[in-house]
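> For 1-164, the entry in TrEMBL reads region 'Disordered'. TrEMBL lists 30-39 with the feature compositional bias 'Pro residues'. The feature compositional bias 'Polar residues' is assigned by TrEMBL to 59-82. Annotation comment: TrEMBL describes 148-160 as compositional bias 'Basic and acidic residues'. The transmembrane segment annotation in TrEMBL covers 194-216, 228-248, 254-272, 293-316, 336-361, 373-391, 537-558, 564-583, 595-613, 649-669.
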Amino acid sequence: MATNAGLKPPRGGQASDADPESAAAGRRPGPWPPRIEPLPPDHGHNPKVLKSWARRTGYKSTVSGETAASSNSDVEISNADSSLPKPLSQLRPKGAEKATVPANVPKGNPKSKATNVVSVDAPSALRPPAGADRKAPEPDQQVGAHQIRMEPHRGSKDSQADMLSQSLDTEDVLYARQSHMKYEIRENPGIVPLVFYGLQHYLSIIGSIILIPLVIVPAMGGSDEDTARVVSTVLLITGLATLMHTFLGSRLPLIQGPSFVYLAPALAIINSKEFQSISTDRFKHTMRELQGAIIISSGFQVLLGYSGLMSVLLRLVNPVVVTPTIAAVGLAFFTYGFPVVGSCVEIGIPQILVVVFFALYMRKISVFGHRIFQVYAVPLGLGIVWAYAFLLTEAGAYNYKGCSVHVPSSNIISEECRRHVFTMMHCRTDASVAMKTAAWFRFPYPFQWGIPSFHWRTACLMIVASIVATVDSVGSYHASSLLVAARAPTPGVVSRAIGLEGLTSTLAGIWGIGTGASTLTENVHTIAVTKMGSRRAVEFGACVLILMSLVGKIGAFIASIPQVIVAGVLCIMWTMLTAFGLSNLRYSETGSSRNVIIVGLSLFLSLSVPVYFQHYAAGALPATVASYFQPYTVAAHGPIQTGIEGLDFLLNTVLSMHMVIAFLVAFVLDNTVPGSRHERGTYVWSKPRAARREPAVVKDYSLPPRLAKFFSWARWVGL
């Protein structure tokens, strides 16, 4: 029979430290977060009883009224405890006993008395110790009310918060565990699958890795050979940064590489009057300026991570902030996308259509059990359209009598050739001479472009970009951990990872790739689609990239991709980046008017405010600046004119960047407009004490033993 007395848990000691949801020592706790299933129809389900429990766990019932506001003072245990998901009952510690609580009255007769008793599994951490005092129920806690109220656990805040903190909404669980991963973070798939999945991981996001140099190097006035060298350097830095992150960072299977977050400030520096006016060797002068700015901004990121300040920032960065910030990064480049595609529509439009057709219409077609069209949509589409463009070129579609694509425009005398030079430059696949001029083997070395230049205005601009990159990485860490790891990382692990991102960006600045290195957001989608979360596969692919960077012809081959094809692929990549940013909103209450207004206002202002700065007193563009780069020339004519040239450059440029406006608006509103933790969707990070007690979490995130001893004094950057 069920007792009608309130059960009071212990106030401290080891019992309070026990984590009832952790697995037995050395075993992975299985799919996490657990799947939350609704009660069977024959169970009496009273949504009013579960309000407090729903608030603490993030549980959203299908019963109307479940998500109403509730008190956070007490934990109510009723017949609803029998609805705890099955994985929890299977994961109870050894020695767990059966506790009986009275069942709720069926919905059809709410006034009738309860006569039946339902038995539920009670974890040992919730059982009172032997001889514990039993308090008689108060009038509102009688058995007839079918409810036993327990006072909150006062012994260990870490244990209490971590016990149910990892539960997510049903929709999130379906995303996080669409089906079990083929290989999780610490699993070794074997040699053959290791090679296959390692290469697959990088091929699926090849566009994010190689396309940035194809945009910025020509904008800097670099030659085809310069583009090939930067591409090879990008491959080297991506491989090194990824290896460092999997060994010393968050240890999640995330690829580190050139980030689109740094592209907008890089273009602003490239198109400033100072560098547009350089007549000789403009590429190297501009690259050295970018190197110096990235090195200083990466030092700021190192300080933010390894000092522990990142743990403070994590309390203020939530999905409602991440969503518009990352979405604005993708939306910011609309002036480049289709305007460049339109320069050769017979190639650019098919490029977009082929990738969309593969990624959407053929995404469920499997070949030998692999959805190759969904995973390889970008590389397959790029290869097919590139071959199509090659056939057009060889068939003479762009041959004009007496005209050569390799003659500089300034040396063309024939008026007929001047009229066709634009088409030839954008449509022909033999416009690049990189394959002819590049060496077979070349080692990218530090300071290959010269000694970096350091100026405070460009450094501050890149520091702002590094803050946005940090926000981007926080969302990627949380989303990827739900897919491959036992639990989300602790704030210390996130801090350590951000600090390491600063170090990898320092390498990017020293070698000179034009941008900083950060977590590639698209990587999370690749993990979800391929079901490959093995750390070893990502490390193997990183080693392959390092070897590829030594072969100069590989970089030259990539550099020879026609610009119109690059623009077509970027239209898809930036679309995916926008979509990934918006998908972060699923961790919050998506139907909340508070969240909808904050995200909508942030996105609208992120598009509208920069237009004001970009069009303010805009005059004729210099002949060297393409029209699609006009948004990045705002420093010369922006509305802020303080008389200090460097300050004018910084303020006008920062306030004309879409991602900065989105971040500022969302950050201020989300942290000032009232809203519960559940409504805001506050990211749930593992509690340090509970994480150190769980062997699976320790193995997922802890540093190698020798390094762990070195960092044992700095708890704020580890478990």
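Cβ atoms here come from the backbone N, Cα and C positions, even for glycine.
Automatic, uncurated: that is what TrEMBL annotation is.
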> With an 8 Å cut-off on Cβ pairs and a sequence gap of 6 or more, do the transmembrane segment (595-613) and the transmembrane segment (564-583) reach 3 or more such pairs?
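No, these stretches are not in contact.
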> Give residue numbers and ranges for long-range contacts of the transmembrane segment (254-272): same chain, 6 or more residues beyond its ends, CB-CB under 8 A.
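For the transmembrane segment (254-272), the sequence-distant neighbours (Cβ-Cβ under 8 Å, at least 6 residues beyond its ends) are 201-202, 205, 208-209, 212-213, 215-216, 219-220, 234, 237-238, 241-242, 244-246, 286, 289-290, 293-294, 329-330, 332-333, 458, 461-462, 464-465, 468-469, 472, 476-477, 480, 501, 504, 508, 513-520, 523-524, 538, 541-542, 573-574, 577, 625, 629, 632-636, 649, 653, 656-659.
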> By Cβ distance under 8 Å, which residues at least 6 away from the ends of the transmembrane segment (228-248) in the same chain are close to it?
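Contacts with the transmembrane segment (228-248): 209-210, 212-214, 217, 222, 254-258, 434, 437-438, 442, 444, 448, 496-497, 500-501, 503-504, 507-508, 511-514, 517, 519, 535, 538-539, 541-546, 548-552, 554-556, 558-559, 703-704, 707.
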> Most CB pairs under 8 Å with the transmembrane segment (537-558): which of 194-216, 293-316, 373-391?
194-216
> Of the listed stretches 194-216, 373-391, 564-583, 649-669, which one has the most C-beta pairs under 8 A with the transmembrane segment (336-361)?
564-583
